[in-house]
Amino acid sequence: MFGKLDLSAIPLSQPIPLITSAIVILIALGVLVLITVKGWWPYLWREWITSVDHKRIGVMYCLLGVLMLIRGFADAIMMRTQQAVAINAPGYLPPEHYNQIFTAHGTIMILFGAMPLVLGFMNFLVPLQLGVRDVAFPTFNSVGFWLTASGALLVNLSLFIGEFARTGWLPYPPLSETAYTPGVGVDYYLWAVQISGIGTLITGINIVTTVLKMRCRGMDYLRMPVFCWTALASSLLIVATFPVLTATLAMLSLDRYLGFHYFTNTAGGNPMMFVNLVWAWGHPEVYILILPAFGIFSEIFPTFSGKPLFGYRSMVAATLFICIVSLLVWLHHFFTMGAGAAVNTFFGISSSIIAVGTGVKIYNWIFTMYGGRVRFEVPMLWSMGFIFTFIIGGLTGVLLAVPPADFITHNSMFLVAHFHNVIIGGVVFGIFAGLEFWFPKVFGFRLHEGWGKTAFWLAFIGFWVTFAPLYILGLLGMTRRLQHINFEVWAPWLYVSMAGVGILILGVISQVVQLVVSIRNRDKLRDVTGDPWDGRSLEWATPSPPPFFNFAVMPNVTGEEAYWGIKLRAVETQQLSPEPKYEPIEMPINSPVGIYTAFFTSIFGFAMIWYIWWLAIVALVAAFAGFVVFAWRDVHEFEVPVEEVARVDRARRAARAALLERLSGTRGAS
Ligand code: HEA
Ligand code: HEM
Ligand SMILES: [Cu+2]
């Protein structure tokens, strides 16, 4: 009846997962009770859960991402502590638990932390920056988000019921085959990643279509903000490579569930096929994350330097160059697995060439600051911290791309240091820069500056204290994924690294304090103009927060930096453009299709993991039927009356007039 599921799945004999589970369940119950007591359900259901508004979906993606970053950080603290106390001793984590932790940490951080944040930024920003009212497929967008949330739910469920994979964040066969990992851990991985992967693909399709088909009048390709270009490049990579991941995991599932032999040496299978296929997705995946982060920096540097971006066209070219070349380097992850000198040379050179595209970008950002009136506000601090940190992480990447050097550093702590260096210094710093920068746009008030700066400096210093020792450890011969350590010489560096995590914890706390302090002082920090940073792209032309229809009248763009042009003209002529003729607007209505489909795919995934076949069939049919029934609508739009459009836009114009006065006073028409 319940397949493999019985009471032994609950980790009663393991205090750490048991206590963590209890705490998480209590917090979750507390939140649910609070929402119920306060009577917030109807509001949440109407305005968020069933919303098809790209801004709301973007915010929910970011919320999911931040929660998962904290979850992944908890894993990181446990690993660093274990490696500092398990020197010639067993430490406090049994080996099989440690293996689950690094697997969960890697999977969660990349697929459920960084990915949702990046997708959230793309969702929120792309339509606003292109001057349109939503993405191409708003209802589908909601399905994409909820499928990602469904995957995240399954990964976290493995903490309470059963176990997670112990294979590393990419489950290489033969270890991941049933013969060597018989439990449900790998199955949790497979279904969680499979379901969320489909969600990601949906968002990728949506963004590509939006950018190609939905730009406002005058928004030519070469007038789009660089963020939109990076979102396009990243989404093209999603569309090209996520199906490869889906196919690869489906093949591994067939091996595990039906005894196929795709990746076993018996009966003609080949584990190297998995390694090739998974990296054909896995390598582009890290560029899917970094490209939008590059886009965020490309918005922030010009804004806080008071200058247009240096080399706009070379930035676009470099983005597309990185997008294409990143598809041709996957083999650098397994130089040591016997490809031969000629093949290794090809992939070594193609990997190093990426440094050229990245270098172009770095020089462009530096030249943007050069000669500008640089304002060292919080988003700018994260961006400058990024340049310093990322260059070093990138350069160690180029070292790894030299096959003979990689034979020494492969799978060592040097590698672990490299990728945290680029992921934290690039993607995570980019996310924090973006959160600080666009927070006032989303919520209508700024974040507290003092706490923001404190958080930045703690994160920056904490990062280096945690990860610089790992480079040294790598060169001293320490390999990755060690549950305990037998060499005393490594001990001092492991202690330093653990102290670094202590600093990072303070950084995370400062970030939380910043949020709380800002919410309490929101009236003082309120942004009434919609343009708190003196921005340059169209999202700053809307009020903060933007109305659900974004623009009362669709903008007409006449050059690069669309909003900067509008502002310049207004300051020069000392007046806003005359009031337009308002018309009613058609907007898509909300739909429960996303949450409904995801609810049943979660049950489906759970049933597959535990071999509860009848439930899997019922849930799959329900998910599909629900998707068809709810997505199939006769009426899918409603009309916003012209009075409402006019009322919202007149309020915006009044705030603009005040802004115009301020701008003319401070800098004339410069
Ligand atoms: C956001 C994520 C991200 C980014 C941006 C990068 C960027 C790069 N990575 Fe990294 N990498 C990872 C995430 C990332 N990597 C992960 C997660 C792994 C490990 C996965 C695992 O095994 O679990 C990994 C592993 C990895 C390997 C495998 C090593 C091994 O397993 O033994 C290699 C080898 O070639 C490599 C190379 C590179 C290179 C050449 C770049 C380049 O793109 C860097 C380019 C940037 C610069 C060089 C700096 C700026 C440039 C200049 C200032 C111009 C001047 C410089 C020169 C001319 C050199 N990476
Ligand atoms: C915030 C601070 C972080 C710390 C202290 C940290 C620490 C660690 C540690 C100790 C490991 C295991 C190293 C080993 O193999 O022995 C690890 C692995 C890993 N981390 Fe992090 N990490 C952090 C953030 C991140 C982030 C933000 C990401 C990605 C977005 C990430 C992605 C990964 C990946 C992919 C692995 C490899 C997992 C595997 O071996 O399968 N980490 N990290
Ligand atoms: Cu790679």
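Backbone N, Cα and C atoms are what each Cβ position is placed from, and that goes for glycine too.
Remember, predicted model here, so these are calculated numbers, not experimental data.
As given in TrEMBL:
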TRANSMEM  16-37  transmembrane segment
DOMAIN    39-558  domain 'Cytochrome oxidase subunit I profile'
TRANSMEM  58-78  transmembrane segment
TRANSMEM  98-122  transmembrane segment
TRANSMEM  143-165  transmembrane segment
TRANSMEM  188-212  transmembrane segment
TRANSMEM  224-252  transmembrane segment
TRANSMEM  316-335  transmembrane segment
TRANSMEM  341-360  transmembrane segment
TRANSMEM  381-402  transmembrane segment
TRANSMEM  422-443  transmembrane segment
TRANSMEM  455-473  transmembrane segment
TRANSMEM  611-632  transmembrane segment
Same-chain residues near the transmembrane segment (455-473), Cβ under 8 Å, at least 6 residues beyond its ends:
80, 378, 381-382, 385, 389, 396, 412-414, 416-417, 420-421, 424-425, 429, 432, 490, 493-494, 496-497, 499-508, 510-511, 514
Chain residues in Cβ proximity to the transmembrane segment (224-252) (below 8 Å; excluding those fewer than six residues from its ends, i.e. six or more beyond):
118, 121-122, 125-126, 129-130, 171, 173, 176-177, 186, 190, 193-194, 197-198, 200-201, 203-208, 211-212, 215, 260, 262-263, 274, 277-278, 280-281, 284-285, 287-289, 291-292, 294-296, 298-299, 309, 312, 315-316, 319-320, 322-323, 326-327, 536-538, 561
Taken over the domain 'Cytochrome oxidase subunit I profile' (39-558), the model's mean pLDDT:
95
Any residues 6+ beyond the ends of the transmembrane segment (381-402) with a Cβ under 8 Å from its own?
293, 297, 300-301, 304, 329, 332, 348, 351-352, 355, 358, 362, 365-366, 409-410, 414-415, 417-422, 424-426, 429-430, 432-433, 436, 453, 456-457, 459-460, 463-464, 471
